[in-house]
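As recorded in TrEMBL, the features of this protein are as follows:
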- 1-90: domain 'Ras-associating' (DOMAIN)
- 107-884: domain 'Myosin motor' (DOMAIN)
- G200, E201, S202, G203, S204, G205, K206, T207: ATP binding site (BINDING)
- 766-788: region 'Actin-binding' (REGION)
- 1060-1109: domain 'Phorbol-ester/DAG-type' (DOMAIN)
- 1126-1311: domain 'Rho-GAP' (DOMAIN)
Amino acid sequence: SPTAFSGTSGRSSFPLGATAAMVIQFAVATLDLDVTRTYILLEVTQAGGGERRLGDTEVPGERVLLWPQRARKEHLQEEGYYFILQAQGGGGAPGPGADDVGVPSLEDYDDLCSLSPLTEDTILTTLRQRFYKRKIYTYASGILVAINPFKFLTIYNPKYVTMYYNQPLGKLSPHIFAVADAAYHTMLRQQENQCVVISGESGSGKTQSTNFLIHCLTALSQKGCSSGVERTILGAGPVLEAFGNARTAQNNNSSRFGKFIQVNYLESGVVRGAVIEKYLLEKCRLVFRDKSERNYHVFYYLLVGASPEEQTEFRLLQPEDYAYLQQVNTHGHIHTLCEWICRLGCLIEIGGNSTQTFLLSRIFSVLSAILYLGNVTYSQSEDGQRLKAGPEEILSTLSHLLKVKQELLVQALTERKQKTANDTLVLHYTLKEAITARDSMAKTLYSSLFDWIVLHINHALLNRRDMEESVSCLSIGILDIFGFEDFRTNSFEQFCINYANEKLHYYFNQHIFSLEQEEYKAEGICWRTVEYTDNLGCIQLISQKPTGLFSLLDEESNLPQATDDTLLGKFKKQHQNNPYFISTPVMKPAFIIHHFAGMVQYQIQDFRKKNTDHMRPDIVALLRSSELAFMRQLIGSDPVAVFRWGILRATVRIIAAFNSVGRTRAATGRSSQTHVFKLHRGSEEKMQLGSSETVQFYLSFLSRRIGWSVRRFIDLLCLVPQNLINSQSLKHIVGLTLYDHTTRAVLHPHQRKKPPSISAQFQASLNKLLETVGRAEPFFIRCIRSNAEKKEMVFDDALVLQQLRYTGMLETVRVRKSGYSAKFTFKEFLEKFKVLLPKGATAAPEDIAKLLQNMGLRQGTYQIGKTKVFLKDKERQRLQDAVNQEVMRNIIILQRWFRACLVRNNFLYKKDAAIRIQRCWRAFLAGNRCRAATVIQVAWRGSQKRTDYLRKRNSVQKMQELLKNKQVKKDVDFVLLHFCNSNMLFTTCDCPSGLGGYKGLMVSYENRVSSLAGTKQQNEVQSVVNLFQSVLDGFIRGEIKRAEAGISKVVQNGPNSPLDHMFSTYQVNIMQSCDQCGSYIWVMEKAYMCSTCKLISHKKCLSKISTDCSTRCDNACLLQFGVPVCVLTSQACPIPLVVQMLLEHVEMNGLYTEGIYRKSGSACHARELHQLLETNPEMATLENYSIHTVTGLVKRWLRELPDPLMTYNLYNEFLQAVELPNQSERLRVIYQKVEGLPTSNFNTLERLLFHLVRVAKEEEHNRMSANSLAIVFAPCILRSPDTTDPFLGMKDVSKTTMCVEILITEQFRRYTEKMQDILKLEFAETLAVNQLKLKRQNTVRTLLPWPFILEASSGGDMPNMDSLNPSATDRESERTLIERIKVNL
């Protein structure tokens, strides 16, 4: 029968990385099962759900990491999440939830280096098996092989980032997140720059892999909070893809440019900034492409996603109406285009200022103008001497979009000017030349626009502090360069792209083969050289000077008489004997190069033209005459120079405008501020495209010329956005990037020196890129295309095998398998494994060899060279595990000694306490004996007094018998009974309800006392009644207080999210899957993620969630910041511990500190104290930190609450209460809402307000008024629930501040009144005590005079004389009254 058991490694003896086969073997041996039968391991993830069969090489520990935390700890089988061990052939079969892709076999290895035998067939078979099991990632030692499935797999959710966090590479199943995590932690551990080189054919998934890497690296660097840099990096990817990617025959989202993304980190691991460099945008795609391909994505996004108003503004048409888009039918792909429309919104996020919408309109105008350029046609004029451009409406639209004169536009499209020594000639274009000029203008505009976008993205990613201070930073670079291409028609672009891939492949070979084997030989270890295919000859064929193809191309491009045919002839003549160059027949204008990936045929047509494809001077002059400042920025040769000229131009125009206004004002004698603002609005474009310097100059000029006050000038200056681009930041960015401005600089007519060719620029940028990559420690990702038809989950053996061969995968695996992945110098080995070496051991090879022998390592798994130790990865991991075990053993010893010290100290403390108790007990016994002797003495003296008393009483009784007046005797008895039992009368009376009962009781009591008193005691009746009334009033007040105290507040229900989840929304940048329904969450959609258990869900699936979030309760004891208030409180502790500690410390030490909550403390000390309070708040010593550091943590604790103290649910109600006109009604409604808060929030808010009242009470010293405190604490305790629009929360700042200020002011008033009442009650208590003492003394003297007793003697029974003792009644009443007065206080 099936056997269920827990899936955690904490309850079993097998390790976390044990495979399913190892677990089955262990379970069979432990449970003493029949070893002749075959067993399988099933996973159940839901109660009553299906069962999934685990393969032999799958790791159950990895599956457990994907379970909810409660399931990992409690293992409740009724809720699912457990494993079943089942014998095959009995007990049923796996349910419908099992994998339909088959069971993994023992040949399913995660690492290709584990294959035996190692051949191309075994590698291909392993990759195929893993691919069909949806395992697209495989290791080749440290190299990741990724096969593109052309389908999104649900393995990229944030929980996978957590799963691979700080895990050694190779410990868990292969994943791209594992490479990102390894690069990130290697950078932090070794303090060295890292880079990830992604290579592969076009369509192999390089761009998507880059997006996954960026997503994981930003998630790793956030550390619990998200910053603007991470969001900007994630948002820049879709923008660059929209403008630089297109659909090709091999890839639906092919990158038509290369990019290198360098993410900069601080030494603590937090992202500081990033830089993006681009390489060789494919401009010819703009005007021509194959029929099966499309133009750049952004054109289709604009046409399909534009609103009706935008279509009218930019005069947009349908895609089939543009000549540049007619090569492909787009109607069948509209559904895929609509999914990408939302990416245009990312541009607004990149801008980061108020000109976003304005700049978008300018970008869309340029894009629309580029499309209209393709519709310009030419015809012969009537005289046949020149060309005529048309149609007229197209030219008019172009003139409107570009803001140029139509006559100049027609001239630039139909003729060109050539300067001679004495004159300027006007030459008319032929039809072919005119079409070339038109296309050149379109390519110029698009290339300039792309450069402008990259420049502004880098500005958004810039950290301004980098220009002000020098901070040592680390970096991780990601190289996503165009893949190897072999189309039906290959031209100059494919030639450059494939050359770049040749250089990249050579870099890979050098790092994997050449440098590795040279190091082995230099160290003198035993090594058999592994041969590999070297592509250096192909690289020299293309780039070697002076006979390389690039050099010959530049030489022919500079000759006016040269043609494409002469260029091809020179190629064939120079390299006819080169084995990498293959000539074609004479009539075929092409040549063939034998690349590392195969033979590629290139068409020689337009090689020369594309190599010198610069902007034409006539086009530059036309665009520079545009009325749009944005257009002049695009075609500028130097961005910094153009920017400075723009500032100077705007400054001159501002001065001219204000001089005109000044003259008008002097002539009319009136102020012309209205005219000034009209001028400002009229030049809105110039101001918006200016800079912060221009705006500040404009405001300062206003303050000087029209007499604005300094205060008004400062107020307006504060409204200027601080993130506008300026000359300093622009110069810094241009210095960091390979901004391509040399091509445009050469187009000006006055330039004498010819600009470098496109191929020369490309070689220079590629060499600099390889230098940057060479200075970092590389990680390699080999992307492989699964099939050529882009079908989902189809594995083409021939295509994959071809890619494996030309990438040298077999040789790579052989080198990695037979080589040594771990290398340490003797000093590094000593530092890393010092705990394993004996005491006094040195870095000598003999000591290291002795250690390795003692560890039981086989001779072939390690070698010791001249200066280094070489180890296999398994042996390195074995040594590391031994180090970890030794360290843990030492830690346990330290813990044992520490606990022994604690126990010893505790014992000594208890021993000292016992001695003290014994000393006190003995003293108590001695005191008891003394008191016993005293009691005996008192009893003896009392006995003597009693005897005397009895004797005197007998004498009195004899005299009373002589008196025969019975009425007098009865009156005496009644009076004595009243005075003896007056307290009893009070205690037995029922407390009446209502005013009538109270008056009736007093009247009845007075009548009763009057009837009991004799004629001689009537003057004492009023004193007795007054005493009873005071006691009764105290009793009633005490009962009312106790009744009011018994009313408890209504306790709010617990968490405000379903099943204790704390959801927060975020914008999806990479397509993910919903953990509830399993469907996709598309890019740019809103998703909901639990901040504790990382559950991802649609908004519509929130109501369907049935699994509670146990992470909050489990981690409540570990976290103090960023968790709900209800988790940190209990009945025993109604206020969070950290808050109580911080507030008490501030109240004891900082109430008189000036600016106590206005100033901030040291950031370093704040992080240190935050870490200490987060882990162990009881051990924190707040006296070691400044008071501003402590107050900063108070505000941080309030800001990091998932739900603020005054809760998101009541946010709008508090704002509505503030808007009430009546002050008393406003105060009543606000306190009504405060009473509706949850109990934990109410108690914490009450404690915080009491603290703020105490701070405001010392305003004379700390300069913190109620308004100042409200400004500081309103954003902390009353936050807007809408986090997607920060400007919406800014509108409510005044209301939230007023609400908090009302609470502080009212509590301050109540506090003052309470203190006054306490002083009054203390005075009343003292007065009442003194009066009672005086009354008691008077009562004792006049209670029953001795003569009266003699006169009242009669023959009846007399009361006991002991009852006449005044201390028996009056003192007890006095004590009762005093206690009730204290209770009222």
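Using the three backbone atoms N, Cα and C, a Cβ is placed for every residue, glycine included.
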### Message
If I restrict to non-local contacts, at least six residues apart, and a C-beta distance under 8 angstroms, what lies near K206 (ATP binding site) in its own chain?
### Response
I198, S199, G200, S255, D480, I481, G483, C783
### Task
Inside 10 Å of the Cβ of G200 (ATP binding site), count up the other Cβ atoms and send me the figure.
23
### Message
DSSP-wise, what's the residue breakdown of the domain 'Phorbol-ester/DAG-type' (1060-1109) into helix, strand and coil?
### Response
4 helix, 16 strand, 30 coil
### Remaining residues near the recorded ATP site, that is with C-beta within 8 Å of the centroid of the site residues G200, E201, S202, G203, S204, G205, K206, T207
N148, N251, S254, G483, C783, R785
## Note on the structure
Residues near G205 (ATP binding site) by Cβ (under 8 Å) yet at least 6 apart in sequence within the same chain, in sequence order, are A146, N148, C783, R785
